[in-house]
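Listed in Swiss-Prot for this protein:
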TOPO_DOM  1-15  topological domain 'Cytoplasmic'
TRANSMEM  16-37  transmembrane segment
TOPO_DOM  38-44  topological domain 'Extracellular'
TRANSMEM  45-59  transmembrane segment
TOPO_DOM  60-66  topological domain 'Cytoplasmic'
TRANSMEM  67-86  transmembrane segment
TOPO_DOM  87-95  topological domain 'Extracellular'
TRANSMEM  96-117  transmembrane segment
TOPO_DOM  118-122  topological domain 'Cytoplasmic'
TRANSMEM  123-146  transmembrane segment
TOPO_DOM  147-151  topological domain 'Extracellular'
TRANSMEM  152-175  transmembrane segment
SITE      Asp171  site 'Important for activity'
TOPO_DOM  176-185  topological domain 'Cytoplasmic'
TRANSMEM  186-207  transmembrane segment
TOPO_DOM  208-214  topological domain 'Extracellular'
Amino acid sequence: MQATVHESKQSIMQRILTVFVFTLLIATVGLFIGQFVPVALMLPLSILEVAMIILAFWMRRRKAVGYAFVYTFAFVSGITLFPIVSHYASIAGAYVVLEAFGSTFVIFAVLGTIGAKMKKDLSFLWSFLLVAVLALAVVGIFNIFSPLNSAAMMAYSVIGTIVFSLYILYDLNQIKHRHITEDLIPVMALSLYLDFINLFINLLRFFGILSSDD
């Protein structure tokens, strides 16, 4: 019986990771297409992206997040990611983008493996991580209207890197310890995608500021 449950959890984990990888591929296509999208459309697309995140949280309670929603979100977020990637590539060089992506991949792989194999249930981290993300969001909104200086943005990026690294650890750990049904596969893959992309953005900002200060 235990062996059957273990195999079932392994199967669910593999399917979640497969969907996650597919979202990254779709986001990459969106990133490529982003270079052809008029600047005037970036703000509406960014608003759509935020609206979809909020909608995903609401739909998650009803277990109504489907594959089409996740893939559409990945595509839109890939498009809106282009200006960020382009900005840091232009001021610090393309190698900074590769450095940030490589670091994100390594951190995700290492912490994801640790979280998935850890016997301890990390569900106690949920409230802390939620507060941390909300705080980061508030600071991010403040930065739009009153831009932070380089030192403050560096600190913001470091904190963001820590928070989303912990989210990777937490989410993979919860996939192991929670009873994940098939209808939750899309939303769990979306959670991993958001962890990965936000970690990448924070590392890109960190390396970009570091390189521009040299």
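One-based numbering along the chain as shown.
Quick reminder: no glycine exception, Cβ is built from N, Cα and C everywhere.
Segment contact holds for the transmembrane segment (152-175) and the transmembrane segment (96-117), given three or more CB pairs below 8 angstroms at sequence separation of 6 or more.
Count of Cβ pairs under 8 Å against the transmembrane segment (16-37): among 67-86, 96-117, 123-146, the largest is for 67-86. Long-range contacts of the topological domain 'Cytoplasmic' (118-122) within the same chain, counting only residues at least 6 positions beyond its ends with a Cβ under 8 Å from a Cβ of the stretch, are 169-170, 173-174, 176-177. The stretch in 96-117, 123-146, 186-207 that contributes the largest number of Cβ pairs under 8 Å to the transmembrane segment (67-86) is 186-207. For the transmembrane segment (96-117), the residues of the chain that approach it from at least six positions outside its boundaries are 13, 85, 88-89, 165, 168-173, 175-176, 192, 195-196, 199-200, 203-204, 206-208, 211, judged by C-beta separation under 8 angstroms.
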